[in-house]
Amino acid sequence: DKEVVLMWRFGSIKSRILTVCQHFFFISFRARPLVQTFTSWKAPIIWEEMFDSILYDQGHTDKNSSVALTVFAVGRYLDAYLKTFLTSAEQHFMLGLPVTYYVFTDSPEKVPNITLASRRNINIVQVEKHTRWQDISMMRMRTISETIESEIRHKFHYVFCFDVDQEFKGRFGSEALGNSVALLHAHYYKLPKAQFTYDRNPKSKAFMETGDFYYHAAIFGGLWQNVKHLVDACYLGIIEDKLNNVEALWHDESHLNKYFWIHKPSKLLSPEYCWDQSIWDKRDILITRLVWAPKHYETLRSG
């Protein structure tokens, strides 16, 4: 039993969201009966065995989809993670589609040379160095917005934003593309809402009493128009908090969760798309598409 999921085709038109319905793909929502496969607002939650990868890839090839990937590699994170992130992305991320990696770094000269496939490029963007890692985490929203406005919007349909301390292990393909895409956090997707670590401080713009899911800020994406709206909203919340001497519990991730509570994502990615291998219960995970790299915060965030 297959149910039709509508995929939107966007043109380069000045209004923020102007769409024409063109392509239909098939998702089997009943292929994974032991996990949640759609939300209360009928957005699909993508799991292995639910989709036909050939149909998705052909559809996006036919409509000339293109993808910008943003990743921040600053301080010691560049040395520790960037090469593995980029080389593994070349093996698994959006294969067959035009992709440009936007690498934001405070050390452009240290970005490794990576062999790239046809129609894939790296664009290195220098950013200022922040002393506190929390500021690095939060200020990325402003930087992504500025780059979308100045360059990405003119060249790409979709934007995906990643943390660098991850490694691709399996297909991360066109089935992940959508109007507005959020990621279920691997540590929270099975927990009751009462245990979600939303920001509970009423003084913060990220304050939430409840929500739908707990989303992981390590990955988010969508059409460039919608990603820009997301990062602009999160940045505004961060700045208002700073003016009020408030800092959200999980920084940009807290603001991202607030945004997706108000503006529901059109597609959710299951924890297959960002899995922590230390989690003992792996019954739902038929494939690991991206995994958390080992974290050594005491070294990476010092100095």
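Using N, Cα and C of the backbone, Cβ positions are placed for all residues, glycine too.
Remember, TrEMBL labels are computer predictions, not curated facts.
The annotation active site, nucleophile is assigned in TrEMBL to E253.
Here TrEMBL flags F72, A73, V74, Y77, D163, V164, D165 as UDP-N-acetyl-alpha-D-galactosamine binding site.
TrEMBL lists D163, D165 with the feature Mn(2+) binding site.
For the binding-site residues F72, Y77, the greatest number of Cβ atoms within 10 Å around a candidate Cβ is found at F72. Here the Cβ of D163 (UDP-N-acetyl-alpha-D-galactosamine binding site) has 21 other Cβ atoms within 10 Å, regardless of which shown protein chain they belong to. You'll find the Cα of Y77 (UDP-N-acetyl-alpha-D-galactosamine binding site) roughly 19 Å from the Cα of E253 (active site, nucleophile). Within the same chain, residues at least 6 positions away in sequence whose Cβ sits under 8 Å from that of D165 (UDP-N-acetyl-alpha-D-galactosamine binding site) are Y77, A80, Y81, F85, W292, A293, K295.
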